Amino acid sequence: MTETRAKQLEEALRAAGVRVTRQRAALLRVLADSADHPDATELHSRAEAAGAGVSLATVYRTLTTLQAQGVIEKLEFQGEPARWETADQQHHDHMIDVDTGEVMEFTSERIERLQAEIAAAMGYEIVHHRMELYVRRKQAR
């Protein structure tokens with residue numbers, strides 16, 4: 001599945017006229033295999049562990065190219081380094097644990113409906129949105 005997803009991301013780049021270099025292909029594989037939201041240094045470490053042989057500077061340049069082509073999305077959470085995820089996912093929102101930095105994805109049809117209702121009540125329709133909830137685990141009492 002991961003290899004198929006990585007190939008689909010490569011095809012999206014080719015369709016946009018972008019050459020799929022060995023480094024870009026390696027980073028796409030790492031991103032396609034990621035269940036979390038890695039930052040550039042985490043991506044570099046994972047690519048190195050996979051034997052990709054890419055420098056951190058190449059990782060940053062490649063991330064910029066992939067983002068410009070709409071293949072990946074940059075996530076910037078308060079006080080955290082930029083994190084990355086593939087752009088081929090269904091819409092979801094994020095919860096960020098302020099103590100651990102863990103980023104969790106969630107979806108809620110109830111929240112989506114409420115947002116649309118609020119926008120409509122004010123005479124608008126939602127074109128795009130991003131929701132981030134900064135959370136702390138409740139203490140046991």
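Here the Cβ of each residue, glycine as well, is placed from N, Cα and C on the backbone.
Taken from TrEMBL, the feature Fe cation binding site covers HIS91, ASP93, GLU112, HIS129. Under the DSSP three-state reduction, HIS91 (Fe cation binding site) is assigned to coil, being neither helix nor strand. Less than 8 angstroms from the CB of HIS91 (Fe cation binding site) sit THR107, GLU112, each of them six or more residues away in the same chain.
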Write out, in the order they occur in the sequence, the residues of the chain not among HIS91, ASP93, GLU112, HIS129 that have a C-beta within 8 Å of the mean position of the C-beta atoms of the recorded Fe cation site. HIS92, THR107, ILE111, GLN115, ARG130, MET131
With an 8 Å cut-off on Cβ-Cβ distance and a minimum sequence separation of at least 6, pull the same-chain contacts of HIS129 (Fe cation binding site), or say none. GLN115
